[in-house]
Ligand SMILES: [Mg+2]
């Protein structure tokens, strides 16, 4: 590699990709479907052969079914498969739940799809591998869904890494092993290489990254235009694209630590009320509303419980309704006998309340 390319790219980027997201959610919610080929799409026999596969579980994929395939074709390949209509509203909610987890690690998040995002974790003190393990574990714990994560120093390698060990895996690509990893990668795995490009490469006798790397830049440009240029850099693991995120306020919250532990339900309710009144005031001042309500409870033993409720419409900025959700969550998660050190409430998934105000006046 020319020396000028060996720049100090010390970023820590991860690419998170939930495994067969929609299908996995439906398997989670319908355990009786777990061992069947499951195709998320309208059943072609009920829709005059129309419909497109949104995704399929791995049992169906093993039969050749893949996303974007016509449902009729999928039915031919997997006649015994169960077809289920997608519930995008549900998938979106779960996606938000997962983003809430991401935000505990960084706000530098670039969403690619409901089930896919890049995170820039350069600022974290933890290693990429540790972060990947923690995030995967937390997603599994809170949603019962598995994900694959790629860790590297740029987006290109992070993405290739997450695809490498799918489903339910982690791959870390470091500067030391990047060129090796790319050399072994089949040509079809490089970004932007479709069927046609693959056929062209087959004619040139190029089957993997090592062979791709031997082709001069001019030749690639002449044969494949702009894509050829991209491939030249991909083969060398060079990619300077940044994680595209938008700086925004992520949550408005308040918490209170008690010198004397709170031990009655009435006291808890009173403390929730104080917190909620404070939050409502801040939210109104900042002209914000939020769709996710987060509750934090820490007991005298330092056990911490955090729970969230996400609605499709923002929570009413009314202390009373916030308190009643908080209290319900508290009651569901605590025994009657408790000793509380800290309570917290926050609202996230914020949006401007400006629109509603405009329509009012
Ligand atoms: Mg996915």
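Glycine too: its Cβ is placed from the backbone N, Cα and C atoms.
Automated prediction, rather than curation, is the source of TrEMBL annotations.
Per TrEMBL, these features apply:
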DOMAIN    13-194  domain 'UmuC'
BINDING   17, 115  Mg(2+) binding site
SITE      22  site 'Substrate discrimination'
ACT_SITE  116  active site
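Between the C-alpha atoms of residue 115 (Mg(2+) binding site) and residue 22 (site 'Substrate discrimination'), the distance comes to 9 Å. Under the DSSP three-state reduction, residue 22 (site 'Substrate discrimination') is assigned to helix. Checking the recorded positions 17, 22, 115 against ligand 1, the ones whose Cβ sits under 6 Å from it are 17, 115. A mean pLDDT of 95 is what the model gives for the domain 'UmuC' (13-194). The Cβ of residue 17 (Mg(2+) binding site) lies under 8 Å from the Cβ of 115, 116, 147, 148, 149, 150, 162, 163, 166, each on the same chain and at least six residues away in sequence. Sorting the recorded positions 115, 116 by the number of other Cβ atoms within 10 Å puts 115 first. When secondary structure is read from DSSP and collapsed to three states, residue 115 (Mg(2+) binding site) falls in the coil class. Sequence-distant neighbours of residue 22 (site 'Substrate discrimination'): residues of the same chain at least 6 apart with a C-beta under 8 Å from its C-beta are 40, 54, 55, 86, 91, 115.
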